[in-house]
Structures are given as structure tokens and as C-alpha cells.
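Per TrEMBL, the features are:
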type	residues	note
BINDING	Ser9, Asp12, Arg39	substrate binding site
DOMAIN	1-149	domain 'PurE'
Amino acid sequence: MKVAIIFGSKSDKDVMRGAADALKEFNIEYSTHILSAHRVPEKLLETLKNLESDGYECIIAGAGLAAHLPGVIASHTTLPVIGVPINASLNGLDSLFSIVQMPKSIPVATVGINNSYNAGMLAVQILSIKYPDLKKKLIEYRKNMKEKFINDNEKGVEL
């Protein structure tokens, strides 16, 4: 099980850390790549070919502003691509719309603005279809999350 985390700039590192955190919780191998659809398109395409041949099964791609990176990746691979809109301007709405409004037949699954943790969790869910042990861990994770919520909120909240 391998997931690639790709983002366009070092400045996106803090936002994209959540994806790595989620993958670590489930012991999923991942690699990180700083690549730009506009500045180094040849390097991006070369990396995508290598990811596929190296057995990667999902790609998480974060981008801000025009946010073309996830869509360009999706247009060059059949691997599932999860887009993370990054708030770089316009409260991240420009990024969100760029990622979520893909043309027919080139889908990019999209999570909330700056919510790379959910991108990691979505990658876990996608992989759990193929890996029964991972699915068991995911079910246990959700069960524990539910129990924690109930325990934390059983007594109510003082206002």
C-alpha cells in the first residue's frame, strides 16, 4: 500500500502534513513530492509514470490559487486522485472551484479547503476496498472515534 502526496510549493507543507498524519495512523507507506503543473510539467509527468510502475495506488494532490495540479495529475493517470484545495487567496474558494469543477471523465475527489487529513482518510477508505486488514483497522478506528465522542460529551458542557 503506497500513497503519493504531491503539492506545488514548500509553502504548502504545513497544510499537507495532515494527509501524512492520517496515513501514518494506518501504517500506510507514503512519499512526498513538490511538483508544479506549470513550472516543471515534464518532471511531474515523469514522476507520475514512476509512481504507477512503483506500485502506488492513490495520489493526494494539494494546490492553491488556480489549483491545476490535481486536475493535471488526474488527466495523466488512472490512479484515484484526491484534491486538497489550499487557501492561498479568496479564502480558498478559487482552489476549491478549480479542483471540484473538473471536466467530464477526468474526476478528482475533493475534500474541504485545507483539510488534507480528510484526504488521507479518504485514501485509507479507497485502499481498504482491496486490503481486508486495513478495512478492519478503519472499522476499529471509527468505533473508537464514536466511543470517544460519546464519553467526551456524556456529561454535557458547562456554559
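Cβ atoms here come from the backbone N, Cα and C positions, even for glycine.
Note on Asp12 (substrate binding site): other Cβ atoms within 10 Å of its Cβ, all shown chains, come to 21.
Across the domain 'PurE' (1-149), DSSP assigns 78 helix, 27 strand, 44 coil. Among the residues Ser9, Asp12, Arg39 said to bind substrate, no two Cα atoms are farther apart than 16 Å. Residues Phe7, Gly8, Lys10, Ser11, Ile34, Leu35, Ser36, Ala63 surround the recorded substrate site, their Cβ atoms falling within 8 Å of the Cβ centroid of Ser9, Asp12, Arg39, which are themselves excluded.
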